[in-house]
Amino acid sequence: MAGVEDQVSSLPNSLPITPRTVNTAPMFHHDDQFGSVPITPRTASVAQTPSMLSLPITPRTARTPSIVSLPPSQFHSPSLSRSPLLLTGDHATNKPVKTPRSRGLTPRFITPLGSPLRKALKMTILDPQDAWLPITESRNGNAFYAAFHTLCSGIGIQALVLPVAFTILGWAWGIIVLTVAFVWQLYTLYLMVQLHENHELGLRYSRYLQLACATFGENLGKLSSAFPLGYLSAGTCCALIIIGGSTAKLLYETLCGATCSNPKPLTVVEWYLVFTCVAVVLAQLPNLNSIAGISLVGALTAVGYCTALWTVSVAEGRLPNVSYEPVRKGSQVNKIFDLLNAFGIIAFAFRGHNLILEIQATMPSSEKHPSRVPMWRGVQFAYLLIAMCLFPLAIGGYWAYGHLIPANGSVLTALFAFHSQDVSRSVLALISIFVIINAVSSFQLYGMPMFDDMESAYTTRCKKACPWWLRSIFRAIFGFVCFFIAVALPFLGSFTGLIGGIALPITFAHPCFMWLKVKKPKKYSLSWWVNWGLGLLGMGLSGILIAAGLYVVIDTGVKISFFNPQ
C-alpha cells in the first residue's frame, strides 16, 4: 500500500483528473408565450477523497442539452391554448417536484408535465388540419373584422319580413315580442362568445358543431345541431340566390322600364345563374379573414337598404284604407297557429349565431388577451346598428302598409307594388343594388362553414392542405348545387315560419344548456334559473312553432312550382 501511495504522490500536479459526468435529460422548453418555467437538469455530485483535494480538477462541461419544443405551427392552433403549463410568477414554487414512476415507455423527464402536456398535445392531434381550413387558417382578426362579419350576418333579407309578423300580432304585441326576442338572442350571443375559449382544457371551440358535440356528446350534438346548422348555411345561400336573382331582374326592369329595346330579356332562371356566377367568383377568396372587406361592404349595404326602405315608405305616407287590426282569420285554432307562425317569423329574423364561434376563431387569443374581449366589443357595436335598422324597419313598414303587406312578401315587394310610380327610379334602383350586393356578400359568409366542411373531409383523408384548384372546384360545386335547389324549389320562402321554428334552438336554447354544462353555475343561483328557464322555453317554443308552421302551410296551401321560379 505504501508503494501505491508513493506512486500517487509522485504524479505531477498538472495532471487533471476529469470526473465522470452523468448524462442529463434534455430540458423541455416552451415558447415564451406559454410562460413556462425552465426545468434545470440535475447533475450528480462526485465524491472527493482527501487525496484528491490537492489536485486541480477541471470538470468537463456537459453538452448543451437538446431543447424539445412544440412546432411553431401549433402555437396558434385552435386546439392548443396559450395558458401556461407550469406555475409562474407569484404562483411559482421552489419546492422540488416529486417525480412519480413512469409508466410503460413514457420517459421520466416529462412526467412532471405529464397531465397538462398530454392533454394539450392530444387536443392538438385531434384537429391537425385546422391550419389548412378556411375558418381557422388565418388568426389575424380584430374587433373591426368581428363587427363587419357580425353585422353582415345578423342583418339581411330576413329582416324585411318583420312587418308581416306585425300584421298578425298588432302594434303592442309585435313590439313586445320583437324586443324580447332581441334581448334574448343578444344574451345567448354573449354566452357563445364566453364559451369559445376553455382555458382549463386549453381548447378553443372554433365551430358551433364542435361546441355542441363537446357539450352534449358526439351523437346528441350532431342530432340536435347538424341539420339546423346545415340549413342556416346552405339553405340561406339558396335563399340568397333566389332573392339576389329576383332583385337583379327587378333592377333591370326598373332601369329599362317601357323603353327597353331588348326583345328577349333574361328570364328569372338566367338571372339566378348570373348571380351564382358572381358569387362563385368571389368565393375563391381563401379564408374567413380574407372576406372582411366583403363583409364590410355587405354590412354597409344592409344598413343602407333597411334605412332607405323605411324612410321612403314613411315619407310616402300611409296607404289609403290601411288597417292595423291583427289579421286572424278562421277558427280559434287557426288564430292560435297564425300567432305562433308570427313568432317563428320574428325568430327567423335573428340569425347569425351559427357563425359567431367561426368569426371569433379568426382572432388571436392568449390568457392575458383572450379573444372574447375584442369579440364582444365588435358584437356590441354591430348589434347597436342592427337594432337601429330592425326596429324602425318593422315599425315604419307596418305603419306605412299595415295589413296590405302581402302574406308571403316583404317591405321590398310592398314598396315596388304600391310606390313604383311615385318614387324616383334612381332611388328604387339604388335600393335594388344594395339588396343585390348584400346578398352576394352574405353568400360568402354563410357559405364559409360549408367550404370548411368540404375541405375538412379532404384534409382528414389526405393529411395535407387542399390545393387551390381543388378548393376552387369545391366552391364552384357548392354554388351551382345551391343554384339547382333555388331553381327546383323556388317556394322556399313560404316556409319562413316553419324554418324559424327549426332553427330557433340554435339561437335561443342551445347556448343556455351549453353554459349550464360547461360553466356549471351554482345550483338555484340566478344564472342557473335564468339559463334553465330560457333553455326550456326555447325548446318548447321550437316544438310549438314547428307544429304551427306545418299547420299554416297545410291550411293555407303553398303554390308548388318545381323548376318554375316566378
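Including glycine, each Cβ sits where the backbone N, Cα and C put it.
Annotation source TrEMBL lists domain 'Amino acid transporter transmembrane' at 140-554. Residues annotated as transmembrane segment in TrEMBL: 171-193, 229-248, 268-285, 292-312, 381-401, 427-447, 468-489, 495-516, 528-554.
Recorded stretches compared: 171-193, 268-285, 427-447, 468-489, 495-516; the one with the most Cβ pairs under 8 Å to the transmembrane segment (292-312) is 427-447. By number of Cβ pairs under 8 Å, the transmembrane segment (229-248) is matched best by 427-447 from the list 268-285, 427-447, 468-489, 495-516. Within the same chain, the transmembrane segment (381-401) stays apart from the transmembrane segment (468-489): fewer than three Cβ pairs sit under 8 Å, each pair at least 6 residues apart.
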